[in-house]
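What Swiss-Prot says about this one:
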- 1-20: signal peptide (SIGNAL)
- Cys29-Cys77: disulfide bond (DISULFID)
- Asn33: N-linked glycosylation site (CARBOHYD)
- Cys43-Cys92: disulfide bond (DISULFID)
- Cys54-Cys108: disulfide bond (DISULFID)
- Cys58-Cys110: disulfide bond (DISULFID)
- Cys113-Cys120: disulfide bond (DISULFID)
Amino acid sequence: MERLQGLLLWLLLSPSVVWASRGPLRPLCRPVNATLAAENEACPVCITFSTSICAGYCPSMVRVLPAALPPVPQPVCTYHELHFASVRLPGCPPGVDPMVSFPVALSCRCGPCRLSTSDCGGPRTQPM
């Protein structure tokens, strides 16, 4: 009976979640301008540069009632299309690569958070 109640609640709320996610005031998942810093321990200077990153709202759902169903994956705003650009760190000694590459968001989408390329906010098993 509890499973049926949870399913019924989900079916009732799903259309309102879809409707609410199409509202004109919500911050969409989209590329936005950002200023980042680049550094290398072997180089004396840290520089800042501008790029575009993915940011904004992705519709999500959290179950209020305990359910026997598995947890619902929460989508995040992530890269859909991107290219890489580079900046040169000044003053690096010979033998040290002065180039730092970074992603530039061309388009974004709501999708699963991939631990292989993103910081998803939880514990990591390996460094990026």
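Cβ from N, Cα, C; glycine included.
From a predicted model like this one, the values you see are computed outputs, not experimental measurements.
Set side by side, the disulfide-bonded residues Cys58, Cys77 differ in how many other CB atoms lie within 10 angstroms of their CB, and the most is found at Cys77. When secondary structure is read from DSSP and collapsed to three states, Cys29 (disulfide bond) falls in the coil class. Highest Cβ count within 10 Å among the disulfide-bonded residues Cys29, Cys92, Cys110: Cys29. All protein chains shown were included, and the count of other CB atoms within 10 Å of the CB of Asn33 (N-linked glycosylation site) stands at 10. The disulfide-bonded residues in question are Cys43, Cys54, Cys108, Cys120, and the one with the fewest Cβ neighbours inside 10 Å is Cys120.
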